[in-house]
Ligand SMILES: Cc1cc2nc3c(=O)[nH]c(=O)nc-3n(C[C@H](O)[C@H](O)[C@H](O)COP(=O)(O)OP(=O)(O)OC[C@H]3O[C@@H](n4cnc5c(N)ncnc54)[C@H](O)[C@@H]3O)c2cc1C
Ligand code: SF4
Ligand code: SF4
């Protein structure tokens, strides 16, 4: 059915996002027999997940037989600084191995041990060697495997380069979404019984980030605008090692795999400074610890002229590096003209992973809004105050499967509602109004936002800077009303920037508000004015939109059962 | 180094243009700048409507394929200082244009659907046992980032379009055929539906692959040999498949 301005589609299950979590959910939903539509603002196979390098954390024990789910559970809870939801972490730790084997049976080929098992590498703060990997291109293999599976399935419609602009509700239930087909400039209304947000993270709200273009938090903002609760919004992970030079690639990730494979960090005085900050875990301590150490070295004048420190893997020899880190070799060779088999890399912290996001039910991955589910980096609860490397890909597989099962089951019981024409027209009008050649340039406002976030709400935070950031964000929100670009609706990057800036502002504001509320330091959230952890804050901060007002509250999962308490060392406070 | 570079960017808007043309922009050059940085500069400061597809900006997603000074390349990987002071950026020619630098590559998903998918042998004991040496044969092909530059440069695709699946999908077939536990033979498909016979081994595809996959040498030629064997000498074919997957 085609209207003058838009096309309508009916589907049992709508999945917004074609990253690892969205595609894993799709595989499960297709198996359960519902009709599935997948929307993604990037091309199929290009989602942010494709960049994942180091591996998938799963306690197979193929390299270190002592490993098991209990140790994985403990590592994840401890490094999440006890505010991860244990119910989710238990599932993650127990089920990750099966999800890895399942991916292998779908066709993924992991690196192997001499015993023909799956090879596992060491990663920061994992007790044992735990990351199943494919060189340093694990995300590519994961995504391609799922993509193949879906391309060979029926009853699924993949619509890439469709930008979802709004979720539509009727009587408190999400009944579908409206999106813009970037390739044609045509609007699409999708009527769905059940909807999953798998829209990824929001690293691009900061100036220096490892994240791809699409990581602007749209999925989180869409859910928030539809009334979903968001949690842990103050928890943004800064990865210790991003490239710092040349400027065009500043922030590009240097995988933790480099340290996992033996890479050592030095300051410009030639000192291996991690021995000072973390005598036990050294280079392989949790990301927040290493990132703050590097930040400190640079602040105190022991950094390079480009604002980084040095990372050395060259001593391992060329053969080893070419086998284990071929992507890193190419990345430095081609972008920086540096040969990492001979020279040290220049690295510094980069915005990397969002632990916060949409609050989900720990059994079903549903949100507090009927008919709406969330998964992957867009969802919160698994990683608490700090994510362990490899735990995100594990999260995508484990909870991708759960959400696929549960959202399909929901679809089977729900009715298909048609989005009222008037609502579609309103949304078309709202989006079309950004086409205004006299509007304020969306790029300049976006740059202002990103700069503010980096300067004031970064690795080290304090009240004064955060208040400053908040007032800048509120100013930009006012200016936002007058933004616009020329051209038309078809493949217009400026228009997309207008739409994304809304998500970025929404998320930045909540991030800052959460960070101001949390008057302590915990994991990735470090405040120089409250440098200690505070027992009062052993809880999660939750935001929710009510009409146009934002409400905050706190949340505590139920008490942990004894069999889990036994595994976990008691949290200590100074 | 030059302080400025003349960027000639191909412009075409189907809503108003009958045909495309190059538009020149003068862009300040920064150290280490790549072509995509220059295009972003234009987009951010001169014309936000400039259509360009990109995502990771790290040569890992393969979105920003284009023809740079006539050569199919990734914009995120091509240094401005390697190109002289006048640069032409145009969309890939083998695909229908959407707008400016963006082309419609959806035909590739149709081809991908046709390639017989990974089909493991029956009755394997779990968890699977696989030797590293057997994995390494497949690894090269699995590095493909689906930028489709090889499809763009292949003269068979440019001339015959529908008849040949193209180098990217010869690589795909090779990545599945070299999976040590895969159980099917894709020769029949490649020969009868894939049009593998059209490829005359010019190696143009191999020369543009940003992942440095030896497309012709390591994927196409062995697949062609396997076709010849399976059509004319089923016994040798069987032997090769068995030896290839378990021996060596
Ligand atoms: C360089 C790098 C390396 C990493 N390495 C690892 C690693 O080794 N191990 C690990 O566990 N984790 C790693 N991570 C983290 C991990 O890759 C991500 O957290 C994970 O891939 C997120 O997957 P996702 O499915 O949630 O979303 P994404 O892969 O981010 O996908 C989001 C999807 O939503 C779509 N979308 C977004 N907004 C819209 C909209 N408005 N309309 C329509 N569609 C939309 C996008 O187009 C995309 O398809 C790494 C991250 C980076 C940046
Ligand atoms: S070698 Fe074959 S596939 Fe590659 S460009 Fe030449 S004809 Fe095309
Ligand atoms: S084989 Fe190489 S050139 Fe072809 S699509 Fe893959 S990465 Fe691109």
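Any Cβ shown, glycine's included, is placed from N, Cα and C.
Quick look at what TrEMBL annotates:
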- A:12-393: domain 'FAD-dependent oxidoreductase 2 FAD-binding' (DOMAIN)
- A:17-22, A:40-55, A:218, A:377, A:392-393: FAD binding site (BINDING)
- A:239, A:255, A:352, A:387: substrate binding site (BINDING)
- A:287: active site, proton acceptor (ACT_SITE)
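Most other Cβ atoms within 10 A: among the binding-site residues A:17, A:54, that distinction falls to A:17. The shortest Cα-Cα distance between residue A:17 (FAD binding site) and any of the binding-site residues A:239, A:255, A:352, A:387 is the one to A:352. With a threshold of 8 Å between Cβ atoms, the binding-site residues A:17, A:42, A:46, A:50 that neighbour chain B are A:42, A:46, A:50. Of all the Cβ atoms in the protein chains shown, 27 others lie within 10 Å of the Cβ of residue A:255 (substrate binding site).
According to DSSP, residue A:392 (FAD binding site) sits within a helical segment. Site extent for substrate: among the recorded binding residues A:239, A:255, A:352, A:387, the largest C-alpha separation is 14 Å. Those same-chain residues not listed among A:239, A:255, A:352, A:387 yet with C-beta within 8 angstroms of the centroid of the substrate site C-beta atoms are A:210, A:237, A:253, A:256, A:287, A:350, A:353, A:389.
Counting every protein chain shown, the number of other Cβ atoms lying within 10 Å of the Cβ of residue A:392 (FAD binding site) is 26. Checking the binding-site residues A:46, A:54, A:387 against ligand 1, the ones whose Cβ sits under 6 Å from it are A:54. Cβ neighbour count for residue A:46 (FAD binding site): 31 (other Cβ atoms within 10 Å of its Cβ, all protein chains included). Between the CA atoms of residue A:239 (substrate binding site) and residue A:54 (FAD binding site) there is a gap of 13 Å. By a simple count of nearby Cβ atoms, those within 10 Å, the most crowded of the binding-site residues A:21, A:42 is A:21.
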